[in-house]
Amino acid sequence: MFFEIALIGTTASGKTYIANTLAREFNAVVLSLDSLCVYKEINIASAKPSQDDLASIKYFGVNLLSVNEHFNVELFIREYQKAKEFALARNLPLIIVGGTGFYLKTMIDGLSEKTLESKSSLNNDEIYALLLNIDPNYKIEKNDTYRLKKWLGIYEQTREIPSEFLKRTQKTGVLKDIEIYELAWDKEILKKRIKTRTKEMLDNGLLDEAKILFSKFDHKLKALNSIGLKECKEYLDGEISFKELENLITIHTTQLAKRQRTFNKKFQSKALEFDKALATLRMKFSIEK
């Protein structure tokens, strides 16, 4: 029977393991809610599902394009629509799983009217200073070039305060009444999991993946400035030691987890302890089935 749930949580919380286990047991379709897994060439840095998982589970949102191609929330919504159509046609459950909460929030709240990205020569610091002066309620990371340019584009084209423009032109969301489950971890235990995962990624060839990526593509591409790859670039350029590389990835990933935890408070979600999550969700799937 078709139904859909979202499974969210911080990086290294075990979301993918839970989703894959449920998908195998209940023949569910999975939509990856991850802004890095969409790229074909980024496998280790994105903690992408294994080749075995991708071969045995019907996945959407993975390996869609190359790192030099642009991906955004509009394209993600189209991928969600494909996943839903596939699951509906076969009467299968759909699991939306990942850590890019912004995509899930947009699917629930809806997109705003499309505007062009600014072609201004202003740098991130200059745009961010303008944003703080004009539109302090608009929340963007200072290094998020794409969203800063989008913000400036709205302001240039409309002369409205962008946060107010977006609220006024917002369309209806594509997700309605979806149950959202969030995997909860003790902060100190999560830090240890992040440290362990960082070591595993390096042992599994993260540096080799980074070498190939930086030899083929412009290192300024947004995808190549993600956590794990940007630190590898510093190491490959001789700016930091291997020990510093491992420590920096761990620190930056821990900081990301904190931001994800804060963002996820925007959702009306049900908290699940990892050890109890499978049993709870198995019961949910069995009832729906």
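Cβ atoms here come from the backbone N, Cα and C positions, even for glycine.
Small disclaimer: the values here were computed from a predicted structure and weren't measured.
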From 34-37, 206-209, 234-237, 270-273, the residue range that Swiss-Prot assigns the feature region 'Interaction with substrate tRNA': 34-37
Chain-mates of T11, A12, S13, G14, K15, T16 with C-beta within 8 Å of site centroid, substrate: G9, T10, Y17, A47, G99, L183
